[in-house]
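Copied over from TrEMBL, here are the features:
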type	residues	note
DOMAIN	A:172-442	domain 'FAD/NAD(P)-binding'
DOMAIN	A:525-606	domain 'SoxA A3'
DOMAIN	A:623-897	domain 'GCVT N-terminal'
DOMAIN	A:918-1004	domain 'Aminomethyltransferase C-terminal'
Amino acid sequence: MSQINRLKEGGRIDRSRKLGFTFNGKRYQGHAGDTLASALLANGVDIVNRSFKYSRPRGIVAAGAEEPNALVQLGSTEAAQVPNVRATQQALFEGLVARSTNGWPNVQRDLMGMIGKLGGRLMPPGFYYKTFMAPASMWMTYEKYIRKGAGLGRSPMEPDPDTYDHLHQHCDVLIVGAGPAGLAAALTAARSGARVILCDEQEEMGGSLLDSRELIDHQPAAQWVARVLEELAGRDNVTLLPRTTANGYHDHHFVTLHERRTEHLGETAPLKGGYRPARSRMHRVRAGQVLLATGAHERPLVYGNNDVPGNLLAGAVSTYIRRYGVVPGRRLVLSTTNDHAYRAALDWQDAGREVVAIVDARPAPDGELVAQARERGIRIIEGAAVLEAKGGSRVSGARVAAIDAGAFKVTGQAETLECDTIASSGGYSPVIHLASHTGARPTWNEAILGFVPGLVKGVHAAGSARGIHDLAEGLADGVAMAARALETLGVSAMAVELPHVDARRDGPSCALYQVPHEKPTLRAPKQFVDLQNDVTASAIEIATREGFESIEHVKRYTAMGFGTDQGKLGNINGMAIAARCLGKSIPEVGTTVFRPNYTPVTFGAIVGRHCRELFDPERYTALHEWHVEHGAEFEDVGQWKRPWYFPQSVDGKKETMHEAVARECLAVREKVGILDASTLGKIDIQGPDAREFLNRVYTNKWLKLEVGRARYGLMCKDDGMLMDDGTTSCLGENHFLMTTTTGGAASVLEWLELWHQTEWPELQVYFTSVTDHWATMTVTGPEARHLLAEITDIDLDRDTFRFMDWREGKVAGVPARVFRISFTGELAYEINVQANYAMHVWKTLFEHGDKYGLTPYGTETMHVLRAEKGFIIAGQDSDGSVTPEDLGMQWAVGYDKPFSWIGKRALSRSDTRRTDRKQLVGLKPKDPTVVLEEGAQIVFDPDHTIPMPMVGHVTSSYYSPTLGGGFALAVVKGGHQRMGETVYLPMADGKTHAAEIVGTIFYDPKGERQHV
Amino acid sequence: MFHIYCPYCEELREEEEFHPKGQAHIERPKDPEACSDEEWGDYLFFRDNPRGIHHELWVHAVGCRKFFNATRNTVTYEILETYKMGEQPTITAESLANREALGSVQVAGGGQQTVGASNASVASVKGVKA
C-alpha cells in the first residue's frame, strides 16, 4: 500500500475508513473523504489523461469544477458508464472503477501522442476543418478515427438502472455557494425569516474556508462553518443542498439545481429499505431573489510546457495538502503574481517538503504572507517568472528568468531550478458563469484584474464572485448583499454580528497572463491556454493574424472555452493574449458568453421521470381494452392509441396488414364494419350567437341548418388555407356539436377562443371540449341499418332519418345520439354515448352483429375507404398551403355570405387566383399493381434533364381491394385542368411510375350508397 | 422559462401553461373586401420585430384559456406588464423613452414583472381593439 504522497496527519479525510478503487485497471487505496483526484495524487499517479488534440500526457491541475484534464469514464458495468466526470468532483467510494477518457491504446503509451510530438506544428487552429474538408463524403471515415484518437468518453449502451427526480421549489432567496460570503448571507436571510435555499457543488459546504489558513473567532475557519451549518440546518425556513450545482440560470429567476444524491455512495444508487432512491434530482427553483456567492477560480500562468504533469494551480496545492492530507510532489517552485498564492509555499513547507523557490513577477512584493515566507528563509526570486517547465511525463525542472511583464519581454538570464512541481497563480477570476446565463454582460474591473458579473434586477453577487477576495470583507459583503436582497422583498434584515477575522495586509498584484519567452510565441514551447481543448497561445496569435478579431470568432476558430470546460481556467488568459496580439486592452476585446450548463449534467437528471412509459401521455378510448383483447395493432394519432387494423388468425397464421385491411374493407363495402371513432375532437358550442359564430369560422353556410341536421364544414385560416374540417350538428337553436380531426381538437378549440375573445367578444357563445365525454362508434356498411335496428328505439326509416340527420334515443338501453354521417361512402351511423357506457354498447352490437358479418376495422381501412371516396384528411391531403378551391371543394364555400368569413378575402388575392396552383386530383397508376409512395414527387416530363421541375406530390396512396389496384390522391400544378393527362413519378430506385390524372372520387361517384 | 402573471387568474404561473400567439393589437380590418391586396397582405403576414419593448398576445392555454396581452422587453426578456383584452398597455416604447429622458425610471433589467394595466387606462380606451 503506497499512498506515497499522503501526509501522516491533517486533512478532513477519515483515516479509519480505507476505500479501494481501480483506475485504468490498477487497484489503489484512498480514504473516506477523498475525491478520486486526491486519492490518485496520494498514490503518486501523475498521468491521468491524454490531451484532446495533441494527445500529450496530462495530470491533475485543479481541485474543483475548473479541472480541465482529469476527465474520467466511470463505471464497472456497461449500464453504469458515466463519461467525462471530473476526478476532482467525484467522491471516492469503495469499488469505484474509473478510466481515462482519452488515450488509445492507453494513457502511458499513446499512439496519437506521436502525432502531437512530431506533428504539433502541423496542427494549427482549424486543422480538422482545413485538412478533412474534402471530399465531404469521406468525413464519416475520417471522423471515426479522429474520434477514436481524440476520445471524449462514451455513453452507456444499456438502460440506466437508476431513477431521477424533478422537484419544483420556490424560495425568497436562493444562495448559490456556501463559502464565507454565501454562509454569511444565508445566516442573514435565515434569521430574517426568509425562505432560503443554499446550495453548494462540493461534497462539504464551506468553500475556501475548508482549506483556509486563516482563523475565524480565533479558531480554525472550518469550526465557524460547522457552527453556521448547524444553525441553518435547525431552521425550517432553510433548505441546505450540498453536492448541488446551480447549472443554469434561466429567465425570470428560474434556476436549475442539479443535486447528486448518491454519486458519492456508489456507481448506482444503493438500495435503501428495499428500494433505490433517486440518484440525482433536478430542483427547478423559482426564486424571489438570487444571491451568487460562487467565489473565484484561480488563473494559471501561461508558460512553456505548462501542461506537463506536475504543473498545478497554487490554490489546488493548498487544497490537497490542507483538505485531503496529500502533498502532490517533493520539490516545489511557485510562480505567482499575487500574495495569496504564497500560502501554497507555506503549506508545502508545513507538510515537510522542500520549497525550491517562489518566483514572483512583482519587482518588490511586500505583503504579510511574503514577509512570512522571507522569515522562513524561502528563496524569493523577484520580478521573475517560470518561462518553461522541463520534463516529459512529470515536471523535472523550471526555467526561470527576470521578465518585464508590461513590455512582454524576458530581461534576464534564465536559470533552471530542479523541481517536480510547479504551482502557478496569475490572480483570481470571479465565477461569473451563472450571471452570464442571464444575458448580462460582465464588466472588467482593473483593480482586481478580472471580470465582475453584470447583474440583472433581482440578482446579487457577494464576496469573491464580485472580486472581494479578502475574508473579512467577503463575510461582511455576504451580510450586506443578503440585506439588499431582503430589502427588495420587503423584509427587514436582522443584524448579524460578523465574526472576528485578523486583518491581513496583502500587497498589490500585478497583471501577467502569458509569460514571455526568449523565443517568439510561435516558436516557443507550447504555452497552453485551454488545457481541455488543447488551445495554445500561438493558436490564438495565429487566429488573430488570420483576421479573427472578435473574441467570439477567436473562440470558435480555436475552440477555446468550448465543451464541458466553458472556459473556467483559460478564458481570461486567452482574451489577454488576443488583446496583446490585437494591440487592445482586455475590456476592449471583451469576453465570450458563458452558457449553461456550468458543469455537465447527466441526461437522467434532465429527463427526470419523463422517460419510458411516462415520456409522453398516452390517451386510450373507453374501448381500448376490447381492442387489445381482440389483437388490434395500434397506431399513434397524436397522443391517442388507435386500432390500426385487427389481424385475424387464418389457419393458424396471423394475417399481414395488407390481408387484414383487404378483409376489413370488403366487410364494410359488402356487409357491415365498426370503427372506434371516439378520438375525433368534439366541441360543444352554445349561446344565442353560436350560429353566427359558425357562419364566420366555417367557409360554408350555417344560418339555415335545422335542429336535427348535421353539416360538413371547412375551416380556413385568414390566409385562405384549409386548417381543419369536420361535421357540426345542430342540437338546438342555440346549441351545436362540432367535430374536429383527432389531432386538431385542442388547436381548433384555441382557434375558436382566439376569434371570440379577441375579435368578436360581443358574440354570446361558449365553447366546451367534450371529446372525452362521448365515445363514438361508427357502424357502416349495407347491413348497418338492420344491425342497429335490433338494439335501438330510434326510427331508422330512410326517409325520416335521412343522410346528414341526427337523432336522440336509446341504443342498447342507454341514452345515445346517433348521427347519419358517412366517412366511408356507405350507409353509416355514428353512435355517440357517454364514454362509460361505450363498452356495453360496443359488446351489445357484437352480440347482434355476427349474423350480419360485423367486422371491427382500424384506421388503415378507414383511410382506404375514405380515399376511395375522395374524402380528404386535413393535414395529409392539405398542408397549410392548400385552399378549399385547390381541393376542388367550391361546393363548401359560401361566396355570397354577408359576413367576410375567415379566409374569404384571401381567396381573391392574386396568389390564390393563380391557375397553376397545386390542386387535388386522383392518380391512377398505369400499372394497377403499383401502389405509389406517399410523398413521391410528380413531374410532367420524365426525360427532362435533372433537376426536373417538380409539379406536385402524392398525398394519399393505398391498395384498394374493391378497385383491385393501387390508387392515390395527389396535388398537381393546374391539376383540375389536366384530367386524363399522364404524369410521372421518378423514384429513388431509378424506376419511374406513370399515372393518369383522374377525379378524386374512385368509388360510387354519384354517392348513392350513403343515401340508401 | 418565463414566469407570467395571468391578469384573469391574478397569479404568476409557469410559462408551460401558456402559448404565445404573436404580436398583440393586430386588428382584423372591419371590411376585408375593401382592402387592397397589399393592405390585406400587411394584415396577414407582416409583423414587427422590435429590439426592446414588444406587445404580445398570449393565451393561458392550460389554465383559464383566456387570451391576454403582455408587454415584454425582447432584450432582457422582462415582462413589464400583462393586461386583459380590450385594455391598452401602460408601458410602451415611447412612454419608457419619455420617462428615461426625464431621468426618473430605470430601464427593464429582466426578471421582475408588474401586474395588469390600471383601471384608468381601461376606461380611456373603450372600444379599442386590444
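Any Cβ shown, glycine's included, is placed from N, Cα and C.
Those TrEMBL annotations? Automatic predictions, nothing curated.
Against the domain 'SoxA A3' (A:525-606), stretch A:172-442 shows more Cβ pairs under 8 Å than any other of A:172-442, A:623-897, A:918-1004. Residue counts for the domain 'SoxA A3' (A:525-606) under DSSP, split into helix (H, G, I), strand (E, B) and coil, are 37 helix, 6 strand, 39 coil. DSSP states for the domain 'Aminomethyltransferase C-terminal' (A:918-1004), grouped as helix (H, G, I), strand (E, B) and coil, give 3 helix, 41 strand, 43 coil. Averaged over the domain 'GCVT N-terminal' (A:623-897), the predicted model reaches a pLDDT of 97.
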